[in-house]
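Summarising the annotation, Swiss-Prot assigns N-acetylalanine to ALA2 and lists experimental evidence as the type of evidence. Annotation comment: Swiss-Prot describes THR83 as phosphothreonine, evidence class a large-scale study or a structure entry. The coiled coil feature in Swiss-Prot is assigned to 85-146; the stated evidence is sequence analysis. According to Swiss-Prot, the compositional bias 'Basic and acidic residues' annotation covers 93-124. Per Swiss-Prot, region 'Disordered' is recorded for 93-147. If you look up Swiss-Prot, you'll see SER122 marked as phosphoserine, on the strength of a large-scale study or a structure entry. Summarising the annotation, Swiss-Prot assigns compositional bias 'Acidic residues' to 125-147.
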Amino acid sequence: MAERPEDLNLPNAVITRIIKEALPDGVNISKEARSAISRAASVFVLYATSCANNFAMKGKRKTLNASDVLSAMEEMEFQRFVTPLKEALEAYRREQKGKKEASEQKKKDKDKKTDSEEQDKSRDEDNDEDEERLEEEEQNEEEEVDN
C-alpha cells in the first residue's frame, strides 16, 4: 500500500499523453490544470477500484475481474462507458488470443524444425555408418586380393 498520498498519483507522462491525445492540436494546458486532472484521475481510479473490490468481496473473491469493474462503472453511474469498455475488453481478449495462438504456432514450428533436424542428423549418422562399412568391406576385399 502507498505510504504517502503522492504515491497514489498516476505518472505525469501518462497523464500528459492522454491529455494531448484528447485535446485538438494547438491547445495548451497549464501545469496547474494538468496537476488537477492527474489528481482527479487518481481519485477516479481509487474509487473505481474500491467499488469493483466490493463486487469481488460479494462474490467471496480476492481477485478483481473485468465484470467487477463493469459492475462498478454502472454503480458509479457511468453506464455510458460500459459498452465502450466491453468492446475494448473484447478487443484485448482477441489480441491476447491471437498472441497465444501465434506463440503456440511458433513453438510447434520450432518443434517440427527440431524433429526435422534430428531426423537429418540421424540420416547423416546412418550414411556415415554405411560409408564406414563400405570402406571396411573394400579394405577387406583388397586384403583378400593381396593374400
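Cβ atoms here come from the backbone N, Cα and C positions, even for glycine.
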Packing count at THR83 (phosphothreonine) (other Cβ atoms within 10 Å of its Cβ): 10
Inter-residue C-alpha distance, SER122 (phosphoserine) and THR83 (phosphothreonine) (nearest angstrom): 58
Rounded mean pLDDT for the residues that make up the coiled coil (85-146): 80
For the residue listed as 'phosphoserine', the number of other Cβ atoms found within 10 Å of its own Cβ: 10
